[in-house]
Each structure stands twice: as C-alpha cells, then as structure tokens.
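Structure first, then comments.
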Amino acid sequence: MDTAQSVVSPSGGVKPRTGFTAQLAVLVAMAFAIPAQLYLAIPVAGGIQQAFGVSAGAAAWTGSAFSLAYAVGFLVFGPLSDRVGRRPVLAFGTLATALATGAVAISPDFGWFLAFRVVQGLAAASFAPVALAYVAEHAPVARRAVALSFLTTGLLGAGLAGQVFGQAVADRWRLAFWPAALVYAAAATAFWLLLSPAGGRSSTAARGVAVAMVGLLRNRGVAAVFASALTVFGSFVALYAALNAHLRSTAGYDAADLLGVQALGALGLVTGPVVNRIAGARGPRPLTVAGFVTASAGLLLAQVTAVPAVLLAGTVVFVGGISLVVPGLVGLLHRLAPDATGAAVSFNTFVLFVGASLGQLAAAHTGYRTVPAVAAALTLAAACGVAAFARPAAERRPRGASAETAEEAA
C-alpha cells in the first residue's frame, strides 16, 4: 500500500507530499521522453540535412553531438545530486532540457543547431542517473526492485519511442522538438512539487566527491558491476546494428520493417517488471545474473539460425534478459555503495553508453554471425563476474538469518 511522504514546513507544521506511486509515474514517463531525444536523431537526420543544406555525414552529428555531451553529463550530475540533493537536480536539469530543446527548434543555422544539441544533451544527462538514484533511495524496500524495473523499462523503451515519434514528424523536423520542450517544462514543475527533498545531500567537498569516485573503482564488487555494464548496451547496440544490416541485405527489409523488428523486440521489456514483481525479494544479484544468462541465450538463438521468425524470437529473449540486468545493476550499486549511490549510478550509466559506442563500432567492422557469438560470450562472462564478486554485505549474513532481515538491512 502506498504511503504519503511528509516534510516539515518552515512554520514547523507538517506538509504532506505525494505518495511514491505518483512520483514513480512521472519519473517513468520522463524515462521514455527525455532519452528519446537521443534516438529521434535517426529519422529526422534527412530533414535536417535538407533544411540546412549540409552533407549526410554532417547531419549525422545530429545524434553524435547530443550523445557525447549526454555521456559526459552523467559524470557531472550524479555526484552533484549527492551533494545538493536529487530533487533540485531533476527539476532544474529538466527545466534546462526544456529550454535547450526549444532553442534547438528555432536554430537559425546548422552551427547553432549543433551547439544547442550539445547543451540539450548535457542537460538531459541530469535525468537518468539521478532518477535511478532517487528511486533506489525512496522506493519502499518491498517495491524497490519493481520500481527500478519500471524506470529502466522506460529508459530502454526510449529508443523505440524516439524513433517512432521522429519518423512521424520527419518531414517537419522542428515539430520533433516543440512538443517535447513543453512536456519537459511541465515535468520540471512536477518534479519540484512531487518529489521528496530528502536524500542525496552530502557535505563532502567537490574534491572529496572525486576521491570517492576513484574509491568506487577500488571496491571489488562495484568494479565488477561497472565491468559488466560495458556489455549491456554494447551487446544491445551491436546486435541491432548488425541485425538491421543483415535483414536489409538478405531479406530486403526497409526502414518501416526494421522499426517493426525493434517493436517486436520491445515485447521483451515487460520481463523486468513482471519478474521483479514475482521474484524481486531474492535481491538484485541473482536476478542480474539470470538476466545476463537469458540475454546470452537470446543472442545464441539469434546466431545459430537463418530463419527470420526464430531469429526475431531470439531478440525478444535477449531484450527480456537486458530488462532484468539494468535495474539489477542499479540495485546492486545501491547496496554496494550506499553512501555514494548518485556517483556510482552516474558512472555506471556513463559506462553503459561507452559500451553502446563500442558496440556500434564492433558491428561496423564484423559480420553478423560474429556479433551475437562474441556478445553472448561477453554477457556470460559478465554473469560470472557479478555472481563471483558483486555480493552485497546483506547477502553475506550469518547462517539462520532470514532473507527479510537481509533485505531490510539493504
């Protein structure tokens, strides 16, 4: 049953604050909407090329300018939220994203367009790591795994949402930004009004935050999580990049067909929320390991067959595994680094997107049959690493202690 959070007002009275379910609903909606700005660059790049009279290579920077700033921003906003709090970073970061998105829509030339995309990407990076840290801290213990799985489902589903929306307005590309700017502005207000101001306020100086980031890498369990994170979006991007090229050349798929392939794979996203609701009490480590193993099985299924129906079934299994892994890694970091959750989740998110960049490069330089096989081996190695090293203290309980006691301790 949802409970309302309360804060003490300046007058000394108690001011009721919205329950966690409403907070989660807004966060999940923005998990679909904010990262979608990265992916809508794919369908609108052609329109931008024509509008500004630039080459296809230059237009490709529509996505790259955003993604580079987006990745760097993860390293800034997580530690910042540890210092000043989650709510102000989410609210003001989303407001900045709204303003930058509106600026992109009125760009007078291509140079200004790219500059505003950089600002937009940097501001948008304030959402994902801080929202994940907020949910990890504020979700009731019994609902934490499910809440994280809903949020990460949105983050993963943003890839499809951005491309579908972008394709719908590709001929009028400025329309891809105006509605989003208005939604982000409304969300910024909602974050300030709904989210709890508690949590994430560290007195550590900026230099101390940097030292803490280095210290995270010396924690064997945290390092295992970061290493495994490289394989997550790396395998995701590599598989779909290689698969798209394979289906174009062997089955004659066009852009609409490939979007349908992604939509089919997205069915696997329901796995995370469903499994976490049923088995979330087991803790994040076993579910993360199970997710990596499931993803590996899906990759192998896609690798060993030439039958399109079976190949696509493999992508559904793969995405289902990934939908377990992403919230599981966040849950592990919350337990392994409770005093630096924002910094840990930020660095983890940064590593996820570094993996995505490496995955795209790998797909461009290898054949289709190689990509799923290598990705399957790497995800299995990640499963072994998490199983062996990322064991939270709560799981190293004395014999006879209950699982419920361990969960509460986390």
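Every residue, even glycine, has its Cβ placed from backbone N, Cα and C.
Annotation source TrEMBL lists domain 'Major facilitator superfamily (MFS) profile' at 21-394.
For 20-42 (among others), the entry in TrEMBL reads transmembrane segment.
Beyond the transmembrane segment (54-77), the same-chain residues lying 6 or more positions past its ends with a Cβ under 8 Å from any Cβ of the stretch are 37-39, 41-42, 44-46, 48, 89, 93, 110, 113-114, 117-126, 128-130, 346-347, 349-350, 353-354, 357. As annotated by TrEMBL, transmembrane segment applies to 54-77 (among others).
Positions annotated as transmembrane segment by TrEMBL: 89-106 (among others).
If you look up TrEMBL, you'll see 112-135 (among others) marked as transmembrane segment.
Feature annotation from TrEMBL assigns transmembrane segment to 147-170 (among others).
Look at TrEMBL and you will find 176-195 (among others) tagged as transmembrane segment.
Feature annotation from TrEMBL assigns transmembrane segment to 222-243 (among others).
Marked as transmembrane segment by TrEMBL: 255-275 (among others).
The transmembrane segment feature in TrEMBL is assigned to 287-304 (among others).
Taken from TrEMBL, the feature transmembrane segment covers 310-333 (among others).
The transmembrane segment annotation in TrEMBL covers 345-364 (among others).
Summarising the annotation, TrEMBL assigns transmembrane segment to 370-390 (among others). Residues 220-225, 227-228, 231-232, 234-235, 238-239, 242, 285, 288-289, 292-293, 295-297, 299-300, 302-303, 314, 321, 332, 336, 359, 362-363 of the same chain, all 6+ positions outside the transmembrane segment (370-390), place their C-beta atoms under 8 angstroms from a C-beta of that stretch.
The stretch in closest packing with the transmembrane segment (20-42), judged by the count of Cβ pairs under 8 Å and taken from 112-135, 222-243, 255-275, is 112-135. Residues 132, 136, 144-145, 148-149, 151-153, 155-156, 221-222, 225, 228-229, 232, 235-236, 239-240, 243, 261, 264-273, 275-276, 283-285, 287-288, 290-303, 341, 344-345, 348, 352, 372, 379, 386, 390, 392 of the same chain lie 6 or more positions beyond the ends of the transmembrane segment (310-333) yet place their CB under 8 Å from a CB of it.
Counting C-beta pairs under 8 angstroms (sequence separation of 6 or more), the transmembrane segment (89-106) reaches the transmembrane segment (176-195) with 3 or more such pairs. Most Cβ pairs under 8 Å to the transmembrane segment (147-170), among the stretches 176-195, 255-275, 287-304, belong to 255-275. Residues 216, 261-262, 265, 288, 292, 295, 299, 302, 311, 315, 318-319, 322, 325-326, 329, 332-333, 336-337, 344, 347-348, 351-356, 358-360, 362-364, 366-368, 371-372, 375, 378-379, 381-383, 385-386, 388-390 of the same chain, all 6+ positions outside the transmembrane segment (222-243), place their C-beta atoms under 8 angstroms from a C-beta of that stretch.
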